[in-house]
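Asks: Once you've had a glance at the structure underneath, I'll fire off some questions.
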Amino acid sequence: MSRASFELLPSTVDVATINNVDSPKEKLQLPIRRFLHTQADIEKKFSSNAQSTDICTKLMSSVSCSKEKACSTVCDFFPIIKVIRNYQLRNYIVSDILAGISAACLHFPQGLAFGILASLSPAYGLYTSFFPVLLYMIFGTSPHISFGSSSITALLTAELVETEAFKAYPTETAPFTSLSNQSSDLNLTGFGVARDEDDLQYKVSIAAGSAFLAGLILFIIGLCRLGFITTYLSTSFVGGFTTAAAFHIVTSQIPKAIGVQIPIIKGIGKVINIYIAIFSQIQTANVASVLMVVCCAIILIFVKDFINERYKAKLKIPIPIDLILIILATIVSHFGNLNQAYKIKTVKNIPSGFPHPEVPNLSLVSSLIGYSIELAALVFFLTISMAKLMSARHDYEIDDNQELIAYGLSNIVSSFFHCFVSCVAPPRTMLLNALNVKTSLHGIFSASIILLILLFIGPLFSSLPIPVLATMIMVAVKGLLTQVLELPSIWRVSKYDFVTWVVTCSTGILLDLPYGLICGIICSLFVVVLQSQIAKSYLLAKAVDEDIFLNADRYKDLVDIPEINIFGIDHSLYFATSELFQKKLYLDTVNPRHLEKSMEIKVKISNANDIVSSDKQSTVENGDVATKLTKDNEIKVIILDCRAVTFIDLNGVNTLRTIAANYKKVNIELFLANCPAYMYQVLENSDFFSLLPKEQIFFDLPDAVESARMFLTRISTEQKGIDSEE
């Protein structure tokens, strides 16, 4: 049977037809000439000649060391070496310098703002805009990623440090956003003010400890070569969570922007309670601060969305409106004495120089580990997603595992210099993308500008108004908030992604961010399980004039092959899907249990000669069996198209074994076609072929159909011979 040859379509191809393949009147004919093959034929004829290597040999090969292997390992661990080796000075230097300086123009204002958002002080935002930049330049593989201070990690850091500070200083921790008109000489923090240096230093130690732990988690994941888990990123989950985080960020900045004093608010429903507190104190808002916020927001949005975006083709570099705005605001605040005249809060103190390196405080590991895991996951999800986007746009490859190592080391080393958790910043990354940066060496120039600011320029911005930084933060996350506009398109593409996005975002806003993260993960896992549970399988039918087999429910003008049912499996076959698959197969083709009972009933009918009574009994006992009896008796072969069964477990094998045995009882042959290599190997290892011979496992669907036809012809011939003898 396996040597019979067949041809799907005529073997001659008209050249004119090929040249006019889109013509509605002329169609390209596909010639196929080959022998009919079972999967066993393919395994035997085309089996690999490669010798299997034992575990000891593989282990010795992996741990062996040579000069070339050592050099390659060092270069892989320090990608900067390859960058320097291949650096084309004339072609790259100008764009790298320009990109580095432009990125620094965003690093500086965002560092100040995110330092405040993190419930620390502006200086710590600048530290986080310096050390991680240099470290990622050394260990990272994407030239377009701008690593450093980030609004989302700053917000979560603020949640952590405020919680721990409140535990340590329950009577000394300041109100949520103490922006009263009476006090103007305090160092502001993200959610409150530090009344003394000890309070601030305690918060810094907590932030640095969480950065160390988050970095350690990422570093270990990278060393364990677990970068493949990036393939399981859910865009809807990340989008919903970042939108919720952006809403929290905007909410946290409103009191600072309008000068309202509210108490510390934590726990479930925090956002709602914050707005209740804001509106209850709205009469105390500083009018001058409100006017400043409105003016700054108009300027930022106009320049970013209308000038930079509309004329980006004509502008060599985008207008650094953030830098320009903080310079102008500082000048106006200083010479206009806004702090004294209008009670507008200012940054006050930006110390010059670097902090002395210290070992991060890990005494509160039990309190930090939960937030650190959450921060590590966010750094991983957000940064690797942006890195993959940039690599796709610019056609280069990134190493997922090395990226994890880079994120980890950047945070571990930075934590010794009082930095909070660093992450990608989409606005800076998109700026580097627009400037067509060439290599990761642009980080040197960005860090050099930040170094000058830290050493010499920083104290000059002591008069910078806090409402300006609050406005910059709110405008910076506008792109995250506008992700909600993508919901209609997400709904059209996937209802499951829509549900995941909405659940993650709504729980993150209405409850709190940690709850949003947990609910988003649970919802994502539930959606995966649900999708597997409703994975579709369907009957296939043949086109009228071609040997192609299509979904009988989806396409028209198809015909059934007499006495043959073809059933397509459109999912993996494992414990979560095997039972549903069996039910669907029996429902759409032949239920062998019902057929067996029907055959028994038929015998009873013949013996009792009571057709009417037995018909009623059959209907009562077997539901629709009586109406399907004739059709079921016509089916002699069922073919399972297994091309989509990329995974099968013990439950799946046992289900196939049960199906084959049940059909065998009612004289229906089961054929398998298009079994992937993994599935075939699992079936062979599980001794499945002792029940269903390898001769009934076919290389392709046409092989199975042709073999089924030949089988039916042979059975028909044998039956005619028996009838003639009788």
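Note that Cβ sites are derived from N, Cα and C of the backbone, with glycine treated the same way.
Those TrEMBL annotations? Automatic predictions, nothing curated.
The structure displayed is predicted, hence computed values, not measured ones.
Below are the features listed in TrEMBL for this protein:
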| type | residues | note |
| --- | --- | --- |
| DOMAIN | 554-708 | domain 'STAS' |
| TRANSMEM | 92-110 | transmembrane segment |
| TRANSMEM | 116-139 | transmembrane segment |
| TRANSMEM | 204-223 | transmembrane segment |
| TRANSMEM | 229-250 | transmembrane segment |
| TRANSMEM | 262-282 | transmembrane segment |
| TRANSMEM | 319-342 | transmembrane segment |
| TRANSMEM | 362-384 | transmembrane segment |
| TRANSMEM | 404-427 | transmembrane segment |
| TRANSMEM | 439-457 | transmembrane segment |
| TRANSMEM | 464-481 | transmembrane segment |
| TRANSMEM | 501-530 | transmembrane segment |
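Could you tell me the structural context for the features on the list?
Replies: Outside the transmembrane segment (92-110), and at least 6 residues removed from its termini, the chain residues within Cβ reach (under 8 Å) are 125-126, 129, 133, 146, 148-149, 151, 316-318, 320, 322-323, 325-326, 425, 427-428, 431-432, 435-439, 441-450, 453, 469, 472, 476.
Through the fold, the transmembrane segment (116-139) approaches residues 77-80, 107-108, 110, 145-149, 151, 153-155, 157-158, 161-162, 165, 187-192, 194, 200, 203-204, 207, 249, 252-253, 256, 347, 349-351, 354-355, 402, 405-407, 409-411, 413-414, 417-420, 422, 440-441, 443-444, 446-447, 450-451, 453-454, 458, 466, 469-470, 473 of its own chain, all at least 6 residues removed from its boundaries and within a Cβ separation under 8 Å.
Long-range contacts of the transmembrane segment (229-250) within the same chain, counting only residues at least 6 positions beyond its ends with a Cβ under 8 Å from a Cβ of the stretch, are 117, 151-152, 155-156, 271, 378, 380-382, 384-385, 388, 400, 473-474, 477, 480-481, 483-484, 486, 490, 494, 497-498, 500-509, 513, 516-517, 520-521, 523-524.
Long-range contacts of the transmembrane segment (362-384) within the same chain: residues 145, 147, 150, 152-153, 156-157, 159-160, 164, 206, 209-215, 217-218, 221, 230, 233, 238, 241-242, 400, 403-404, 407, 411, 421-424, 514, 517, each at least 6 residues beyond the stretch ends and with a Cβ under 8 Å from a Cβ of the stretch.
Non-local neighbours of the transmembrane segment (439-457) in the same chain are 79-80, 83-84, 87, 92, 96-97, 99-101, 103-105, 107-108, 111, 126-127, 129-130, 133-134, 136-137, 140, 142-143, 146, 352-354, 432; each lies 6+ residues outside the stretch with a CB under 8 Å from one of its CB atoms.
For the transmembrane segment (464-481), same-chain residues at least 6 beyond its ends with a Cβ under 8 Å from one of its own Cβ atoms are 109-110, 112-114, 116-117, 122, 151, 179, 188, 242-243, 245-247, 249-250, 253-254, 256-259, 289, 292-293, 296-297, 300-301, 304, 322, 325-326, 329-330, 333, 338, 344-347, 426-427.
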Asks: Where among 204-223, 262-282, 319-342, 501-530 do we find the most Cβ pairs under 8 Å to the transmembrane segment (404-427)?
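Replies: Ranking 204-223, 262-282, 319-342, 501-530 by Cβ pairs under 8 Å to the transmembrane segment (404-427) puts 204-223 first.
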Asks: Which residues of the same chain, at least 6 past either end of the transmembrane segment (501-530), have a Cβ under 8 Å from a Cβ in it?
Replies: 155-156, 159, 234, 236-237, 239-241, 243-245, 247-248, 267-272, 370, 374, 377, 484, 487, 490, 576
Asks: Return the average pLDDT for the domain 'STAS' (554-708) as a whole number.
Replies: 84
